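Got a structure for you, questions after.
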Amino acid sequence: MPESVDQFIQWVESRNPHEPEFIQAVQDLTCDVFDLYTGTEAWRDAAVLERLSEPDRTISFRVCWEDDEGNVHVNRGWRVQYCGVIGPYKGGIRFHPSVNESILKFLAFEQTFKNALTGLPIGGGKGGSDFNPRGRSDREIMRFCQAFMNELYRHIGENTDVPAGDINVGRREIGYLFGQYRRLANTFSGALTGKDIEFGGSHVRMEATGYGLIFFLRCMLSQQDEDLKGKRVAISGAGNVALHAAQKAIELGATVITLSSSKGTLFNTDGIPAEQVDKAIEHRGGSTKILQHIQETSGGEWRDNCKPWQTPCDIALPCATQNELDEDDAKSLAANGTRFVAEGANMPCTAAAVRLLRERRIIHAPGKASNAGGVALSGLEMAQNASFTRWEEERLCEELVDIMQAIHRQCLENTEAQDGYLNYHEGANLAAFQRVARGLVAQGVG
Ligand SMILES: NC(=O)C1=CN([C@@H]2O[C@H](COP(=O)(O)OP(=O)(O)OC[C@H]3O[C@@H](n4cnc5c(N)ncnc54)[C@H](O)[C@@H]3O)[C@@H](O)[C@H]2O)C=CC1
Ligand SMILES: O=C(O)CCC(=O)C(=O)O
């Protein structure tokens, strides 16, 4: 039985050396739930926190594929099935050269608690590969997806583990993965979400993470008697989450002043036009190219190797990747009067940045709450597949709004404002942990 957060984290570190992202995610949760955990006999007796610091299983495999010139490449693939207590493992697949076990374990850990917040029966998992799709032809992407599924298919299924997309895995890749799954498993089932609408996909899934983020932000603002109209919003990334967040924010009256890629940032203090965001969503492609094209056609300034966080804004929405917003960035935001940060990406703020935002009383929503709209819609895709139906767009939009509002309510119910400052991290961590802990205890030790 750990006596302090530090002692517990040292124990986790000793079991997971060289996994800094995973340790960061475990520490973030533990700091908020430790007192409740140690004060709850049934949870202590069942070693709930210790069990939750270890995935149910991690599957790792070799992925061999042939490029267009006939050269054979060998990549690594993983699926982390983190916690299946609440429902089938559920979470995205990421293709990026930075992918390793620490990153996938942190993502699967976060996913477990995020999925618990949605109120749906979905457990937590995440997978991916260190494959770099940049510069690869469509046929190469197809062959890679097929090779990846050649091993993954035996570990997934609509009641076992249901992957979806994440960085560099969108509708096209899900199509190739699904096709190969269907051939190998000889079954047409909802074993993946984010599918094309023509073969079991759901309306609103594509938009859901970005839109859900803005619906959550709207709740945060309304809690302070404010709304989005006229607010300057800085967004990082120019992928699925960033572009849909930008689209909905503009629709609700905000001015989106930045979008970015790993190569630089597009700044436009007059606002990036809605029609340019719509076009970028339609065409999809390399983010830098898209942003430079927007700059050429509608103005603003492109700055190489620059992040969005140095420019004055009311709201910051990190929507690119983990640890993209560090302590210095948080200091710049504070100095420039930013009042809200809501995470579209998973764990985009370093631990030091989170501390700084809290010290400076910038209201800050963690991704496990504010970006849960995507997986929630995936849960609704699973429900449609299981009942052989397709729901209308309007109904799904309403359900997404309801789910984001319910997550916001859970956050408020689990934290008390300190001098008017709401700690969304504490609220989200406590709400999610309690649901998972109750399930673990009820299902016995195993
Ligand atoms: N797609 C989804 O439904 C969900 C995604 N997320 C998270 O949102 C984030 C973005 O995912 P997607 O938009 O789906 O991926 P995507 O592949 O569509 O876009 C990723 C974007 O991030 C940019 N990017 C990558 N590394 C960067 C870096 N170091 N600095 C600046 N920009 C960088 C890329 O240029 C691209 O614009 C990830 O953290 C992901 O885990 C969270 C919940 C659901
Ligand atoms: O829709 C899903 O299952 C995955 C979403 C996801 O990967 C995430 O929430 O980070």
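Including glycine, each Cβ sits where the backbone N, Cα and C put it.
Caution: TrEMBL annotation is automatic and unverified by curators.
Sharing the feature lines straight out of TrEMBL:
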type	residues	note
BINDING	LYS90, GLN111, LYS114, GLY165, SER378	substrate binding site
ACT_SITE	LYS126	active site, proton donor
SITE	ASP166	site 'Important for catalysis'
BINDING	THR209, ASN240	NAD(+) binding site
Roughly how many angstrom lie between the C-alpha atoms of ASN240 (NAD(+) binding site) and ASP166 (site 'Important for catalysis')?
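Checking the Cα atoms of ASN240 (NAD(+) binding site) and ASP166 (site 'Important for catalysis') gives a distance of 9 Å.
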Should we count any of the binding-site residues GLY165, THR209, SER378 as near ligand 2, judged by a CB under 6 A from one of its atoms, and which?
SER378
Out of LYS90, GLN111, LYS114, SER378, which of these binding-site residues is nearest THR209 (NAD(+) binding site) by C-alpha distance?
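So, spelling it out, the nearest of the binding-site residues is SER378.
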Taking the Cβ of ASP166 (site 'Important for catalysis') as the centre, count every other Cβ atom within 10 Å, in any protein chain shown.
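Around the Cβ of ASP166 (site 'Important for catalysis'), 28 other Cβ atoms lie within 10 Å.
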Please list, in sequence order, those recorded positions from LYS90, GLN111, ASP166, THR209, ASN240, SER378 with the Cβ less than 6 Å from ligand 1.
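ASP166, THR209, ASN240, in sequence order.
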Please report the distance from the Cα of LYS114 (substrate binding site) to the Cα of ASP166 (site 'Important for catalysis'), rounded to the nearest angstrom.
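Taking the Cα atoms only, LYS114 (substrate binding site) lies 15 Å from ASP166 (site 'Important for catalysis').
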Tally every other Cβ atom lying within 10 Å of the Cβ atom of GLN111 (substrate binding site).
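I get 28 for this one.
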